[in-house]
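Colleague: Take a look at this one; I'll ask things after.
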């Protein structure tokens, strides 16, 4: 979840070009409730899955820092890979958790 205060700058002075216009409307609506109003990062906010990466592909990343993962040539391949292959995402996530133990 992200509070409106964390992403509302993307909605000012025209919509961020890395933000889907339909999703921008959703964010505007959320922000109409104030800076503390919360927007989930993806449609399955309480489920650990790869829908976050699918959202980035649709230019529906809530935070600009998240959407940059898809806009950057260096990381776009990871977004595409994880969006397409949830098992691959789970495996890489598991490996990362083992490394930080």
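Cβ from N, Cα, C; glycine included.
Where the annotation comes from TrEMBL, it is an automatic prediction and has not been curated.
Remember, it's a predicted structure, so these values are computed and weren't measured experimentally.
As annotated in TrEMBL:
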type: DOMAIN; residues: 1-101; note: domain 'Plant heme peroxidase family profile'
type: DISULFID; residues: 4-31; note: disulfide bond
type: BINDING; residues: 42, 44, 49; note: Ca(2+) binding site
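Context for these features, please: burial, neighbours, distances.
Modeller: There are 20 other Cβ atoms within 10 Å of the Cβ belonging to residue 4 (disulfide bond).
Less than 8 angstroms from the CB of residue 49 (Ca(2+) binding site) sit 86, each of them six or more residues away in the same chain.
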Colleague: Could you give me the DSSP helix, strand and coil counts for the domain 'Plant heme peroxidase family profile' (1-101)?
Modeller: 61 helix, 4 strand, 36 coil
Colleague: Whole-number Å only: compute the distance from the Cα of residue 4 (disulfide bond) to the Cα of residue 42 (Ca(2+) binding site).
Modeller: 15
Colleague: Express the distance between the Cα positions of residue 31 (disulfide bond) and residue 42 (Ca(2+) binding site) as a whole number of Å.
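Modeller: That separation, Cα to Cα, works out to 17 Å.
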Colleague: Taking the domain 'Plant heme peroxidase family profile' (1-101) alone, what is its mean pLDDT?
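Modeller: Taking every residue in the domain 'Plant heme peroxidase family profile' (1-101) and averaging pLDDT yields 94.
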Colleague: For residue 44 (Ca(2+) binding site), write down the residues of its own chain that are at least 6 apart in sequence and whose Cβ falls under 8 Å from its Cβ; none is a fine answer.
Modeller: 51
